Amino acid sequence: MYAIRRIGTKLRFANNVRQKHTLPDLPYEYSALEPVISREIMSLHHSKHHATYVNNLNAAEEKLAQAQAKGDIQTVITLAPALKFNGGGHINHTIFWQNLSPKGGKPSDALVQAIEKDFGSMENMKNQLAASSVGVQGSGWGWLGFNKLTKKLVIQTCQNQDPLEATTGLVPLFGIDVWEHAYYLQYKNVRADYVKAIFDVANWQDISSRYEKALK
């Protein structure tokens, strides 16, 4: 009986072990997006910046679990900004890497029709998304998102690393990272040039897939 109780305890402990977040592999080489995004930027952005968000998120979640176990509500509340910032950074970048590709193909017919319905044309959508992304004050993201209630495509910006869906309810389809670490080594302070160029490596297959999943 004692042995059975011990096994049960071990199983409950194993089931309660928190799965740590990990840095996702890129689906292409660091140099694959050149000349739009240099190998140096991709390497630093992925292996340093994104990795830091992952590490800090895991550390914050560990502290959260300890605080919850102790019933320490003060610490739980204090950890909220770190969870939002690092969790958002992990979510946003995981989407961002998939949104880019040296061979992004073309948007699906369904996505083209939706873009034309909601923006008039693909060019209008690109111009509006670019203008919103360039206009972000400080650091943040420009997004093409989908409103599941109205069934419409929407352009939205988020400050810092705020995740689009958790912040606005919009499903993220295509995100443009306009933190300086995403472009400064190559484009200096000319954010507009970076934003314009990034459409050349947009992974329309991934964006279309996200749209089709959001429709379901």
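Please read every residue number as a count from 1 along the shown chain.
Positions of Cβ are set from backbone N, Cα and C atoms, glycine also.
Per TrEMBL, domain 'Manganese/iron superoxide dismutase N-terminal' is recorded for 20-101.
Residues or ranges marked as Mn(2+) binding site by TrEMBL: H45, H93, D177, H181. Taking a C-beta cut-off of under 8 Å and a sequence gap of six or more, D177 (Mn(2+) binding site) has these contacts in its own chain: H45, N92, H93, F96, W141.
Mean predicted confidence for the domain 'Manganese/iron superoxide dismutase C-terminal' (107-210): the pLDDT average there is 98. Feature annotation from TrEMBL assigns domain 'Manganese/iron superoxide dismutase C-terminal' to 107-210.
Here H181 (Mn(2+) binding site) comes close to I41, L44, H45, H49: these same-chain residues lie at least six apart in sequence, with C-beta atoms under 8 angstroms from its C-beta. Taking H, G and I as helix, E and B as strand and the rest as coil, DSSP gives the domain 'Manganese/iron superoxide dismutase C-terminal' (107-210) the counts 54 helix, 24 strand, 26 coil. With DSSP states grouped into helix (H, G, I), strand (E, B) and coil, the domain 'Manganese/iron superoxide dismutase N-terminal' (20-101) comes out at 58 helix, 1 strand, 23 coil.
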